[in-house]
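Student: Take this structure first; my questions come after.
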């Protein structure tokens, strides 16, 4: 057990270090960053904002990690968010309860995911193309549901999912933490995770070994659609309205980035959902730096790009290897003499 | 009594004109349904045409210039009396506009202009984005009446012309009033959720009690920001004054509830002035000016916002 915890820690160590670094950056631009207060019945503070605002990306990257582990990719999640938000809003506006609306939205998301899965697993269309179909068409479907307007609603139950709190903690935080834990437990406490990794590493041989790859691939896309639907409901509930044009726009790219920052390979195989979730938090912390720094908005994308390039460079295999060599050559020396070790080759 | 007779006489004098207008066929090439405002513009254009007894041929370009060019060519081939064009981009119109000119069909641009010689179209009906920002700034100048006021600004999409112009206009209006300072300015991408997210960060970075007013480049961001202000335990409209631009139905609902203070209308009725100009031109050859500026009307809490909301909510916003 202890061994298992240790190996997980070792796996997510780079992400933890980067997250700490970005949070420190937040602290430097805004010294009150770590202050959390309890006011008006809810936790209030920048750190809470990062956890809360990171919810959509975090939810998306849970499903995305599994899809990428099978060597696939799901570009449609942003559009599925828009569809799910639209369905939920349309149902409550129609007079249904929030439970029905949530269920309807989740079913719509799962259906979208299953559609992607069938295109990839049964029709053998390349994932990037197969999911592109829904990425483009999905927003149109969402607009049909909302009839092109921002469909607003007041249903308190549904609104609670986006901007409410449970014992002072914003609901979206609990939702993504909960789903993340459940999915991690399911794939790691059963053989499921290993089977998914096997498909990503070599689908043919995994099939020969008796893995039903078709069903598993459809399942991971279905889970991705489900996660996207949940994210879509949260985003719609947050603003009390379904904005088919903008909900989840470009968020699929943030989700993929979170998975990559989480150290997962786009070529499939071994994956870590926890590392991806840390990746999502890193992205949100970067957004937070930009907002808190008070820099003119023209700099937003440049700052984000610079920080992310830095993160990816640190993680690149070549740099990792160089660091490893550096450490290995430093090893025989007594601790504290790393500096000399660096200079020794010259 | 006399007044009533005059009204009737006035109405009668319009009869021949309406009869003439009944024979008019006009083509309208719309960009597509990119936003609620545009849907409202389509609805209002159809209403205006119907009111005047004009036969309107509507073509939705689905955000593609080639579809608009195709639509204009087909309008020319059908021999319509005039063409209304809401251009999706500014460039690349010269050839097709020349074709319309050769067929002697007047073209009126709605809401956006094009980079083409101005003899290729009759007139352009647009709002003045800088002026809108100026009206917003002037409202805040009058409202604060010299009292110190720190402003936070939610900008539109970085680099878009509404964002640049509405910022410029606002800054022009508050220039020289030392009591007004913009303390934070960040983009909210014209959307409700970004408006909410960015306002949350303003409230923490500056402190809610230090913010006196919010200027949002569109109403949707203001609607999002209102929720953020409420969640921070402050009263939008009272603790933080809110002025934004567009006059969409939901901001009027917020104003009716006292949660926002002022909005400047970007009217969806671009077709009204356009058709007025066209009818005058067809009746006695009056050439309209090359640019017709629509009114940027200021709505405040003194207006009946609930009535405006009821009137606007079915326009398709």
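Each residue, glycine too, has its Cβ placed from N, Cα and C.
Residues annotated as transmembrane segment in TrEMBL: A:12-30, A:50-68, A:75-93, A:99-121, A:128-146, A:166-187, A:215-237, A:274-295, A:301-319.
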Student: Do the transmembrane segment (A:301-319) and the transmembrane segment (A:12-30) come together with 3 or more C-beta pairs under 8 Å, pairs six or more apart in sequence?
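Tutor: Since 3 or more Cβ pairs under 8 Å link them, the transmembrane segment (A:301-319) and the transmembrane segment (A:12-30) do come into contact.
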Student: Please indicate, using numbers and ranges, the residues of the same chain that are 6 or more beyond the transmembrane segment (A:215-237) and have a C-beta under 8 Å from a C-beta there.
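Tutor: Hits for the transmembrane segment (A:215-237): 55-57, 59-60, 62-64, 66-67, 69-70, 72, 74, 76-78, 80-86, 88-89, 101-102, 105-106, 108-114, 116-118, 120-122, 131, 158-163, 171-172, 175, 179, 183, 195-196, 199, 243, 247-248, 251.
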Student: Which one, A:50-68, A:99-121, A:166-187, A:274-295, has the most C-beta pairs under 8 Å toward the transmembrane segment (A:12-30)?
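Tutor: Top-ranked stretch among A:50-68, A:99-121, A:166-187, A:274-295: A:274-295.
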Student: When each of A:50-68, A:99-121, A:166-187 is checked against the transmembrane segment (A:274-295) for Cβ pairs under 8 Å, which one has the most?
Tutor: A:50-68
Student: In the same chain, who gets a Cβ under 8 Å from the transmembrane segment (A:166-187) while lying at least 6 residues past its ends?
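Tutor: 38, 41-43, 48, 51-52, 54-56, 58-59, 62, 66, 160, 193, 196, 223, 227, 230, 234, 238, 273-274, 277.
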